[in-house]
Amino acid sequence: MRALTLLALLALATLCITGQAGAKPSGAESSKGAAFVSKQEGSEVVKRPRRYLYQWLGAPAPYPDPLEPKREVCELNPDCDELADHIGFQEAYRRFYGPV
């Protein structure tokens, strides 16, 4: 009985392996880069207006961070960016560019 079960499992495994080897990929899978899209195409798919993002919660949309432009300036300077990783953005910006 044990040998019969083992033989049936081996036959099933052989059928599965040979069935997958002969299968051809579908048209969607065969085109190169189909799994990846550009950032612009991806953002168009999930684009939604920010002001309506939290309307269903009854809370207003969050305001943009006023320090974001300064954070970007600090990120463009490799020394400021590295220091910001260690001591924080505001202190690193103050040391390189003056008061925040």
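Cβ coordinates are placed from backbone N, Cα and C, and glycine is handled just like the others.
Swiss-Prot lists E68 with the feature Ca(2+) 1 binding site, giving similarity to another entry as the kind of evidence. For E68 (Ca(2+) 1 binding site), the count of additional Cβ atoms within 10 Å of its Cβ stands at 9 [all protein chains shown]. Annotation note: E68 (Ca(2+) 1 binding site) sits in a helical segment as assigned by DSSP.
E72 (Ca(2+) 2 binding site) counts 9 other C-beta atoms within 10 Å of its own C-beta, drawing on all protein chains shown. The Ca(2+) 2 binding site feature in Swiss-Prot is assigned to E72, E75; the stated evidence is similarity to another entry.
Annotation comment: Swiss-Prot describes E75, D81 as Ca(2+) 3 binding site. A helical conformation is recorded for E75 (Ca(2+) 2 binding site) in the three-state DSSP classification.
Counting every protein chain shown, the number of other Cβ atoms lying within 10 Å of the Cβ of C74 (disulfide bond) is 21. Positions annotated as disulfide bond by Swiss-Prot, on the basis of sequence analysis: C74-C80.
If you look up Swiss-Prot, you'll see 52-98 marked as domain 'Gla'.
Feature annotation from Swiss-Prot assigns 4-hydroxyproline to P60; the stated evidence is similarity to another entry.
The 4-carboxyglutamate annotation in Swiss-Prot covers E68 (among others).
Per Swiss-Prot, the feature 4-carboxyglutamate maps to E72 (among others); the stated evidence is similarity to another entry.
Per Swiss-Prot, 4-carboxyglutamate is recorded for E75 (among others), and the stated evidence type is similarity to another entry. All protein chains considered, the CB of E75 (Ca(2+) 2 binding site) has 12 other CB atoms within 10 Å.
Annotated signal peptide per Swiss-Prot: 1-23, in sequence order, evidence recorded as a curator's inference.
In terms of local Cβ density within 10 Å, C80 ranks first among the recorded positions C80, D81. Remote same-chain partners of the signal peptide (1-23), defined as residues 6 or more beyond its termini with a Cβ less than 8 Å from a stretch Cβ, are none.
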